[in-house]
Structure formats: C-alpha cells, structure tokens
Amino acid sequence: MITGSIVAIVTPMHEDGSLDLNSFRNLLDFHVQEGTDAIVVVGTTGESPTVNVEEHCELIKIAVDHVAGRIPVIAGTGANSTAEAIELTEFAKKAGANMALSVVPYYNKPTQEGLYRHFKAIAEAVELPVILYNVPGRTVADMSNDTILRLAEVPGIVGVKDATGNIDRACDLIARAPKDFALYTGDDMTAVATISLGFHGDISVTANVAPRLMHEMCVAAASGDIAKAREIHFKVLALHRDLFCEANPIPVKWAVHKLGLMPNGIRLPLTTLSEANQPRVLAALRQAGLVA
C-alpha cells in the first residue's frame with residue numbers, strides 16, 4: 001500500500017499552452033529528490049480535462065519512464081465515458097504505471113448503481129489496481145460511502161481518494177473499510193486530522209510547492225507525532241487555503257512558476273492567476289518559507 005504524501009502533479013505548459021515536457025521531467029526529479037512518496041500524473045491538478053488523449057498518454061508514459069521506479073506513479077485515467085476510462089487505464093497498464101486513479105464521471109450525473117457498474121467494469125477489464133476518486137464539488141455526482149464500500153469488495157479496486165473534506169464521512173470510511181483498502185484524503189486542509197484518525201495518505205495539491213514539508217507532515221501524523229504534524233500544518237495552512245483562491249490548478253501553477261520550476265502556461269478555459277490574487281499566493285509561499 002502506498003502511504004504518505006502523494007503529489008497531484010501539475011502539467012507544465014509554455015505560455016502558448018503547449019506542453020513543456022522538459023520542465024515536466026525536471027518536476028518529476030524534484031519530487032523524487034524532495035521526498036514525495038508517489039506521483040499522480042494527469043489528474044485534476046494535471047489539467048486532464050484540457051489535454052487530448054494523445055497528450056494524456058504521452059504524459060503517463062514519460063512519467064513512468066523518467067521516474068523509473070524510484071517512487072510509484074499513479075496514472076489519472078478517469079473519464080465520463082466508461083469505455084474511454086477503460087482505454088486510458090489499459091494504456092496506463094501497458095505504460096507501466098503502478099496504479100490508476102479514476103474519478104467519478106462528471107457532467108452526466110450517474111446514479112449510485114451507475115457508479116458501481118462503471119468502476120466495476122474498469123476493474124474487470126484491466127488488471128491494474130484502481131483507486132476511486134470522489135470529488136463532488138467538481139463532478140456533481142457524489143459517490144456515497146456505501147457505494148465506495150461496495151466497490152471495495154471488487155477485486156482490483158484498492159482504495160479511494162476522498163476529496164469531500166468531510167471528517168464525518170472520513171471517520172465512517174475508517175470504521176467500515178477493509179483494513180487493506182487504502183484511504184487517501186484529497187483535501188490538504190484536513191490531511192493531519194484524517195491521517196491521524198486512520199487514513200493512509202494525502203493526494204496533495206500543496207505538495208507541488210512544498211513536497212518536503214508535506215511528506216514530513218504526513219509521516220508525523222501517521223506516526224502519532226501530532227506536535228510536529230500540527231507545527232507543519234500551520235506553516236503551510238495559508239497554502240492549503242490560498243492555492244484554492246481561484247479554481248485549481250490556477251493558483252498552484254502560478255506558485256510553481258514563481259518557484260522557478262516551469263513557465264506560467266495554462267490552457268483555456270482556465271486562465272492564469274489574476275493580479276489581484278498573486279500577492280495572496282506569494283504571501284502563502286513566504287509563510288511556508290519557500291520564497292524570500
């Protein structure tokens with residue numbers, strides 16, 4: 001089971017929106033060197049809705065090949081079409097990804113039975129461990145804990161990323177999930193709380209700019225060193241908050257750019273961070289000790 005801080009890595013782009021694959025490789029090295037425990041590539045933060053299928057597959061392949069087994073690579077393979085999700089998951093397996101992260105289908109609003117059949121079909125079609133991803137703030141459809149736990153019994157479905165930020169729901173999953181079913185928060189703000197209670201890790205946006213701190217925070221929370229986890233939490237608290245001052249990944253891409261790690265490119269319909277919010281994100285980077 002993968003534990004700790006798992007970065008939901010951004011996808012570097014030039015200012016014209018084209019992929020910057022050299023910066024992408026450098027970012028992968030940066031995370032390996034800074035202690036990130038695993039990498040999710042082409043997830044929400046990686047702008048999966050605005051890369052085409054060819055680019056999506058290219059990014060997965062580059063990540064797997066460049067990381068070369070140094071840490072696990074989890075491929076974002078979700079889609080609002082079951083057939084497309086299966087195709088992406090099949091590619092991830094062939095590319096050598098360790099796992100797939102598959103988001104709840106968005107826009108078409110499936111029922112709980114539809115969600116069950118969707119993820120079951122993926123797991124049955126491809127022999128690659130699948131992590132479910134529930135983020136109702138984006139997908140509208142909200143996968144219930146009952147459906148998650150029903151899917152936990154399906155061979156090949158090995159965990160869930162719960163991005164609801166709801167502690168009550170997290171506690172219910174901890175109490176009822178099989179012991180070998182991985183529980184990850186997708187909400188940095190509640191990472192210390194959920195990991196302290198029994199979650200296994202954090203699939204993190206903040207880790208894009210503070211990988212070492214997020215790794216240390218997750219390790220401290222998991223080991224019961226609440227004083228250290230609390231200290232780091234408050235050091236990065238403004239990042240947890242202000243990296244969402246506009247829609248993710250707008251603020252975090254600007255922040256990674258300010259650290260000198262990539263150009264300031266993003267694809268429409270997303271636009272770069274507004275001038276009004278730039279001082280806010282810069283102040284959060286300063287509070288975390290990441291810039292002077």
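Along the chain as shown, the residues are counted starting at 1.
Using N, Cα and C of the backbone, Cβ positions are placed for all residues, glycine too.
Here Swiss-Prot flags Tyr133 as active site, proton donor/acceptor, drawing on sequence analysis. When secondary structure is read from DSSP and collapsed to three states, Tyr133 (active site, proton donor/acceptor) falls in the strand class.
Annotation comment: Swiss-Prot describes Lys161 as active site, schiff-base intermediate with substrate. Cβ neighbour count for Lys161 (active site, schiff-base intermediate with substrate) (all protein chains, 10 Å cutoff from its Cβ): 26. For the recorded site, Lys161 (active site, schiff-base intermediate with substrate), the DSSP three-state label reads strand.
Annotation comment: Swiss-Prot describes Thr45, Ile203 as pyruvate binding site, evidence class sequence analysis. Under DSSP, Ile203 (pyruvate binding site) is assigned to a strand (E or B) in the three-state scheme. Cβ contacts within 10 Å of Ile203 (pyruvate binding site), excluding its own Cβ and spanning all protein chains shown: 28.
Around the Cβ of Thr44 (site 'Part of a proton relay during catalysis'), the number of neighbouring Cβ atoms within 10 Å comes to 25. Secondary structure at Thr44 (site 'Part of a proton relay during catalysis'), as computed by DSSP, is coil. Annotated site 'Part of a proton relay during catalysis' per Swiss-Prot: Thr44 (among others), in sequence order, evidence recorded as sequence analysis.
The Cβ of Tyr107 (site 'Part of a proton relay during catalysis') has 9 neighbouring Cβ atoms from other residues within 10 Å, across all protein chains displayed. Residues or ranges marked as site 'Part of a proton relay during catalysis' in Swiss-Prot (evidence: sequence analysis): Tyr107 (among others).
The distance from the Cα of Ile203 (pyruvate binding site) to the Cα of Lys161 (active site, schiff-base intermediate with substrate) comes to 7 Å. Distance from the CA of Tyr133 (active site, proton donor/acceptor) to the CA of Lys161 (active site, schiff-base intermediate with substrate) is 5 Å. Every protein chain shown contributes to the tally, and the Cβ of Thr45 (pyruvate binding site) ends up with 25 other Cβ atoms within 10 Å. The shortest Cα-Cα distance between Tyr133 (active site, proton donor/acceptor) and any of the recorded positions Thr44, Thr45, Tyr107 is the one to Thr44.
Around the Cβ of Tyr133 (active site, proton donor/acceptor), a 10 Å sphere holds 28 further Cβ atoms from the protein chains shown.
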